[in-house]
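K.L.:
Copied straight from TrEMBL:
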- 26-48: transmembrane segment (TRANSMEM)
- 41-290: domain 'G-protein coupled receptors family 1 profile' (DOMAIN)
- 60-81: transmembrane segment (TRANSMEM)
- 101-120: transmembrane segment (TRANSMEM)
- 140-158: transmembrane segment (TRANSMEM)
- 197-216: transmembrane segment (TRANSMEM)
- 237-260: transmembrane segment (TRANSMEM)
- 272-292: transmembrane segment (TRANSMEM)
Amino acid sequence: MTSRNQTVISKFLLLGLPIPPEDQHLFYALFLAMYLTTVLGNLIIIILIQLDSHLHTPMYLFLSNLSFADFCFSSVTMPKLLQNMQSQDPSIPYAGCLTQIYFFLYFGDLGNFLLVVMAYDRYVAICFPLHYTTIMNPKLCVRLVVLSWVLTTFHAMIHTLLMARLSFCENYVIPHYFCDMSTLLKLACSDTHDNELAIFILGGPIVVLPFLLIIVSYTKIISSIFKVPSSQGIRKAFSTCGSHLSVVSLFYGTVIGLYLCPSANNSPVKETVMSLMYTMVTPMLNPFIYSLRNRDMKEALERVVFKKQISFFL
């Protein structure tokens, strides 16, 4: 019975977003604009950091990796969503669904770990400015980045292999716009205990612990700056941490709510809309929050453009 069910499922149907037919073109244009903004914003950051030697510092090494992770994370789901909004056959092959799950987890986890590394970098820079270059030496920075890439590989592979062991019955319609792991578990007709146990056990060190480390880092940063009795110090604290924490809270709040603390009252429509926050909105906002409104990035952009103009006229 199990092997028959496994061979029957060669593809899944993605129901997509609950958008009325008359509004499809409007939302298609909106999502396309958001995706292009995400791609352009993150590519600009990566290119600027590569071209400008002034940005060859630990902070911007982490930023370039975060931008790459955000670009790839958005690209895992958005192109398929846009394609299905214009298609009469919103299906995805079984192998393609597993592939999407793997890379969704991979780049989501990578961005997660890089946010922690960046929070630690800012903590050292503000709380221990005289020892910053000693602590955040090139060897440690490379190790932190490599460790982030390696850890995400194992986590994504574990969940993907566990998903591949499941069998699915007649119901192969996914009430989502991508192959969401928790949604697929509800469609499985075989035992999902191992999958749920892996989510529970790995969810702490992969999601909750990084979130707590980020909160602790920024709490210490704010506490350190408040020790300077000046309005300028207070403004610097909120400028440094406020916008960063808002995006971090948006990302982790929806992820923890959806996967680690799911509510029985959550409808598929509500879960789908909540997923938009961390799959579409956060990768689009990160370039503005972390870099494009940063003075160093603006100066780097001016230098690169100025050099291009000079070389053009010469």
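Every residue gets a Cβ built from N, Cα and C, even glycine.
What you are looking at is a predicted structure, and each value in this text was computed from that prediction instead of being measured.
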K.L.:
Under 8 Å for C-beta pairs, could you tell me which stretch among 60-81, 140-158, 197-216, 272-292 has the largest tally with the transmembrane segment (26-48)?
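P.N.:
Comparing 60-81, 140-158, 197-216, 272-292 against the transmembrane segment (26-48), the winner is 60-81.
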K.L.:
Taking contact to mean 3 or more CB pairs closer than 8 A (sequence separation of 6 or more), are the transmembrane segment (60-81) and the transmembrane segment (197-216) in contact?
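P.N.:
Counting Cβ pairs under 8 Å, fewer than 3, so no.
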